[in-house]
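Take a look at the structure set out below.
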């Protein structure tokens with residue numbers, strides 16, 4: 001689960017991290033009052049969407065020459081003007097895709113005198129089984145581009161979970177970021193704070209980009225991104241309360257209600273599979289034959305008829321879907337249950353696109369019999385390769 005920048009900063013502020021004063025608004029009419037609560041005279045008006053690259057993004061409604069989703073303002077009047085431009089309009093960034101995201105919230109923040117921009121994130125480094133700091137002196141920009149073009153500028157410092165962030169760890173991180181003086185002193189408090197927040201809130205990612213050194217030498221969290229482990233949210237009602245469903249795909253929200261592992265993608269072949277590994281293999285073979293998957297959908301090992309039907313309806317609700325491939329290897333999952341769910345869903349919502357079903361495993365013959373006798377336009381496949389060829393051929397006509 002992701003949250004907005006202003007929410008992430010409020011959380012970090014609660015742990016004692018240095019963040020600027022700011023006020024979130026939902027309406028243009030709130031902009032003036034929000035700005036008056038801040039010291040000024042420099043303000044920053046920030047679009048709040050669950051995507052990066054906001055500063056370089058463009059608003060669909062404002063034309064190619066308009067400013068992006070993060071704007072400086074040197075007066076309260078400018079704050080109001082920027083707010084009027086941004087709220088309610090669609091921001092397109094490198095991470096949103098061409099559709100963009102509607103800006104429903106802004107964060108009005110006090111400006112800062114920036115001397116240096118750095119990058120700092122925490123994540124689980126699975127190669128060593130520890131939480132690690134990933135840092136770079138090249139902050140405020142696309143860290144993926146830095147990693148690709150100048151990987152030597154990316155430094156990873158893994159933290160021993162039994163010891164936490166030690167003085168040696170702080171020294172190593174500070175050296176990698178070329179911190180000295182006041183900034184190095186601030187680092188002694190900040191890096192343990194970030195680590196503590198990451199662990200206590202069960203985060204999957206904590207990204208500060210940029211972490212700035214101000215003209216006075218002190219550190220400040222200028223932007224913050226947080227992603228939380230959805231499996232741990234039952235422990236964090238305070239974090240769950242921060243969820244903004246308007247930022248999420250409606251199909252993914254519906255899938256979460258049925259405990260389905262569903263991720264919307266950009267292709268045109270809907271996939272329903274049991275098991276994450278089989279789901280990835282299914283998507284790979286679709287790409288091998290020249291098409292793109294429209295989703296990742298894992299119904300799991302113990303799904304019942306109703307859950308299967310729900311998954312099918314979610315897939316067919318995507319207007320991009322031109323064909324559907326159901327690929328089931330039944331172990332705990334029974335093929336007849338899959339067949340019953342698919343048949344029930346098709347009878348309820350109709351079948352407007354080609355449907356190919358490959359079943360193998362427990363009760364496979366019964367599952368195939370149910371499909372064959374359903375009277376529905378369902379194409380059976382003998383194996384995964386056959387299934388992929390048939391769904392691609394059906395779409396190509």
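Keep in mind that glycine also has a Cβ here, set from the backbone N, Cα and C atoms.
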Which of 268, 274, 295, 372 shares the substrate site with 331, 332, 333 per Swiss-Prot?
274
Given the binding-site residues 209, 223, 332, which one's Cα is the least distant from that of residue 112 (ATP binding site)?
223
Output, ordered by sequence, the same-chain residues six or more apart from residue 209 (Mg(2+) binding site) with a CB under 8 Å from its CB, or 'none'.
119, 120, 121, 139, 140, 143, 223, 225
Using a Cβ-Cβ cut-off under 8 angstroms and a sequence gap of six or more, which residues of the chain neighbour residue 332 (substrate binding site)?
301, 302, 362
DSSP three-state assignment (helix, strand or coil) for residue 209 (Mg(2+) binding site):
strand
